[in-house]
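Enquirer: If you scroll down you'll find the structure; I have some questions about it.
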Amino acid sequence: SGLVLVKNPHLDLMEEDILYHLDLGTKTHNLPAMFGDIKFVCVGGSPNRMRAFAQFMQRELGLPGAGEDVADICSGSDRYAMYRAGPVLSISHGMGIPSISIMLHELIKLLHHAKCRDVTIIRIGTSGGLGIEAGSVVITDTAVDSSFQPRFEQVVLDDVVVRSTELDKDLAEELLACSRDIADFPTLIGHTMCTYDFYEGQGRLDGALCSFSSEKKLEYLRRAYDAGVRNIEMESTAFAALCGLCGLKGESLSLPPHMG
């Protein structure tokens, strides 16, 4: 039916579902009226970036008020920012798996309660590039962990649950086809490696701690490249796993500002 799925039987027993970190709820807001016609959701780390993206979409879609400021739907919360431009929702998710995971749980419930159908969700952000031309856009086909495996390990109570991290390959090819109309951004499809840390987890030599040599770092990055990794960031495995489980057509686009 194209509806966004939730896989939690406890939700049906709740009198009210409070989306705490979004400052929204099923009793305090008419979610179908506010969001029922949403078709695209774009998420990214920075609130300012997602505000600018919403303004860009207003101009591109020729919507009333284009060029003016956009209201933050989540202004009652200091965790995330949410903006709307017609059928496009633009939301910040912060940095790292814990932050994007909280946002996605509440976003998916929001789309479910709003009875949205056939929603496409795209993560747009920055990353570290690996063996590619500077300024390239990487479209993720599969998110992999630090061992280059297509999996997201989530600790649930005292169990380690392993979930798939493959993204929608048809959507990846569609986005790649669209990129051919934009000459300024070389675009490719590749694996994205997701880490739990910006410094040690990504092999950086400038953190407060560093227990490895530059030679060991380069050897690891070579193995990552040989495994198909083309960029490194901190959210893609959780993003891919949650989108896949809840029936959302998802994809991740990353612009590496620097090279590994």
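From the backbone N, Cα and C atoms, a Cβ is placed for every residue, glycine too.
In TrEMBL, annotation is done automatically, which means it is predicted and not curated.
Summarising the annotation, TrEMBL assigns phosphate binding site to Arg79, Arg123, Ile124, Gly125, Thr126. The substrate binding site feature in TrEMBL is assigned to Gln202, Arg204. Marked as domain 'Nucleoside phosphorylase' by TrEMBL: 39-249.
I'd like these features described in context: how deep, what's nearby, how far apart.
Expert: Long-range Cβ neighbours of Gly125 (phosphate binding site) (same chain, at least 6 residues apart, Cβ-Cβ under 8 Å): Gly44, Gly45, Glu233, Glu235, Ser252, Leu253, Ser254, Leu255.
Within its own chain, Gln202 (substrate binding site) has Gly128, Thr195, Ile232 as residues 6 or more apart in sequence whose C-beta sits under 8 angstroms from its own.
Mean predicted confidence for the domain 'Nucleoside phosphorylase' (39-249): the pLDDT average there is 95.
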Enquirer: Measuring Cα to Cα, how many Å separate Arg204 (substrate binding site) from Thr126 (phosphate binding site)?
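Expert: Roughly 16 Å, rounded to the nearest whole number.
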Enquirer: Roughly how wide, in whole Å, is the group Arg79, Arg123, Ile124, Gly125, Thr126 that binds phosphate, by largest Cα to Cα distance?
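Expert: The two farthest binding residues have Cα atoms 20 Å apart.
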